[in-house]
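According to TrEMBL, the protein carries these features:
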- 252: active site, proton acceptor (ACT_SITE)
- 12, 13, 14, 40, 41, 42, 43, 44, 140, 252: substrate binding site (BINDING)
- 184, 220, 221, 222, 223, 224, 225, 251, 252: ATP binding site (BINDING)
- 248, 282, 285, 287, 291: K(+) binding site (BINDING)
- 3-294: domain 'Carbohydrate kinase PfkB' (DOMAIN)
Ligand code: RIB
């Protein structure tokens, strides 16, 4: 089995502010607590896989600024291979994350350097395309690059996991080429064109999409758990009961954990059970990458 993992995606400098309530239009909301963390869906997923011990390589871009320095240092600290991350003139991408008292979040994402990635950056991964079992992609880089990655992965026998987030129109032709699609309930609603507010609806949607597209669909439903369908059957995997402090990166932790488990002979359903354990740890601390568990953290917890 090919044990290496590739991630082509985003790196963001996340700024978290703890706010007492969602501001009204025109309201100026004073904030007492602010913190900073390495983020970006691509980097988060890559770091989770690396923290679990996977040999993980990331292609992406950060600015030639202090935020870019911090993101690279953080990724390296967690064992991610960063030699395919390019420094650009564009500023580093950012996530401005507002955290509500119950731990739920909303965020503005500043694209910055993430949109400077080119096909050449993807090509520079060279022979890794023949050594990696999976590539993980998201929608925080230009979709043209994602199309290129999908075609390249398929040509090299590398499986594709697409985290279709933030939700954006994407041709069915390309979604079908992906092996596993992962979305949360809001993104699921976008792709279904209806509100997905119950596990029943999520199961129906995951089954339909997976059967129509001939791949597997996972819909993460926050506290309710995750719905997993391979087109023939589905399972609802309950989330672990934890005291959620801040949920940023929960989905990324889930995906990085799932990739680890798939690479350790688990089937998709067991892999998602393992993934929920990872995201449970991630939501119990503030920040995305810093909060993600290592194998030791998971074993200590059990
Ligand atoms: O999935 C969470 C991530 O989304 C954050 O780290 C933020 O940067 C955005 O990319």
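A Cβ is built for glycine as well, from the same backbone N, Cα and C atoms used for every other residue.
Please treat TrEMBL annotations as automatic predictions, because they have not gone through curation.
Sequence features, as recorded in TrEMBL, placed on the structure.
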residue : record                       : CB count, 10 Å
12      : substrate binding site       : 31
14      : substrate binding site       : 25
41      : substrate binding site       : 29
140     : substrate binding site       : 25
184     : ATP binding site             : 21
225     : ATP binding site             : 19
248     : K(+) binding site            : 26
252     : active site, proton acceptor : 32
287     : K(+) binding site            : 20
291     : K(+) binding site            : 24
Just to be sure I understand the contacts, which binding-site residues have a Cβ under 6 angstroms from any atom of ligand 1? Candidates are 43, 184, 223, 282, 291. none
Out of 43, 221, the listed binding-site residues, fewest other Cβ atoms within 10 Å surround the Cβ of 221
Cβ-centroid neighbours of K(+) site 248, 282, 285, 287, 291, 8 Å, sequence order: 37, 245, 246, 249, 250, 253, 283, 284, 286, 288, 289, 290, 292
Using Cα-Cα distances with a 10 Å cut-off, which of the binding-site residues 41, 43, 221, 285, 287 are near residue 252 (active site, proton acceptor)? 41, 43
In this predicted model, the domain 'Carbohydrate kinase PfkB' (3-294) has a mean pLDDT of 96
Substrate site, defined by 12, 13, 14, 40, 41, 42, 43, 44, 140, 252: further same-chain residues with Cβ within 8 Å of the Cβ centre: 9, 10, 11, 38, 39, 93, 95, 249, 288
Spacing of the two Cα atoms, residue 184 (ATP binding site) and residue 248 (K(+) binding site), in whole angstrom, works out to 13
